[in-house]
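Copied from TrEMBL, the annotated features are:
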type	residues	note
ACT_SITE	37	active site, proton donor
BINDING	30-37, 148-151, 185-188	ATP binding site
BINDING	61, 154	(R)-pantoate binding site
BINDING	61	beta-alanine binding site
Ligand code: PAF
């Protein structure tokens, strides 16, 4: 496995691969890798002859400096996992490599997709994500890029950027990988205290309740959201950042429970902000 931190070396390796006719798969990450990330790698390996993982905790996508400072870092274990999983190249740049002191600040956004969900409660977050992902796309020149659907809004925003700016890249959304009790895998789960980790199972159980009540005939959006909100708030140390029901494509709020809807939530359990979502099909009767 090749591990590189410099752009020039990265570009040399990639140009060699391209000359050989390799298909390149790219899995961007912020490290502290878990089975969810390894699922992205597995998907890439099935489809591509070379798989690149980037590990970079991108400062520009953190609207809260405390969140950035607390983001876990686990480079040695990450490299071991990548090696064992058959990753071909890990790109591990420093902040100075990605954002040299001399660089001119740039801002990218897709306003329509950023007014709801995390875009509303984490101002600046998707601007930072678009900035780093577009830079990484230019540097790695992948044919395919793999993103977890736990970050559904990120997946939509990046898919829209790729479509609108004609990046020659196919963006693949990989279903959320879950712990045995249903909690979506996330590097942030490591920061939960044992008690809060237990409380966090309210999130997957809330999605079960959402489906059950829909099947049971609930069609009043306001009442439905109240049932789900009340359920989450039975947990100690729980603060709801948002619980929204939006159109899965436009991410705009829906006003009726019909067709496919995206139920998405961000919840603070203690100090840790967890997100999850599911596309639900509302039964017609
Ligand atoms: O999903 C993440 O881990 C990050 O937002 C990403 C895509 C690696 C960009 O920093």
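Yeah, the Cβs are placed from backbone N, Cα and C, and that goes for glycine too.
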Binding-site residues close to ligand 1 - of 30, 34, 36, 185, only those whose C-beta is under 6 Å away: 30
Secondary structure of residue 148 (ATP binding site) (DSSP, helix/strand/coil): strand
Per-residue Cβ crowding (10 Å cut-off), top of recorded positions 34, 37, 150: 37
Three-state secondary structure, which DSSP defines for residue 32 (ATP binding site): coil
Spatial neighbours of residue 154 ((R)-pantoate binding site), counting only the binding-site residues 32, 36, 148 and Cα distances within 10 Å: 148
Binding-site residues (32, 61, 154, 187), the one with most neighbouring Cβ atoms at 10 Å: 154
Number of Cβ atoms other than its own within 10 Å, given for residue 30 (ATP binding site): 18
Assigned element (helix, strand, coil) containing residue 37 (active site, proton donor), judged by DSSP: helix
Same chain, 6+ residues apart, C-beta under 8 Å of the C-beta of residue 148 (ATP binding site), given in sequence order: 36, 37, 39, 40, 155, 173, 174, 176, 177
Cα-to-Cα gap, residue 34 (ATP binding site) vs residue 61 ((R)-pantoate binding site), nearest whole Å: 21
Most crowded position, judged by CB atoms within 10 A, among 36, 185 as binding-site residues: 36
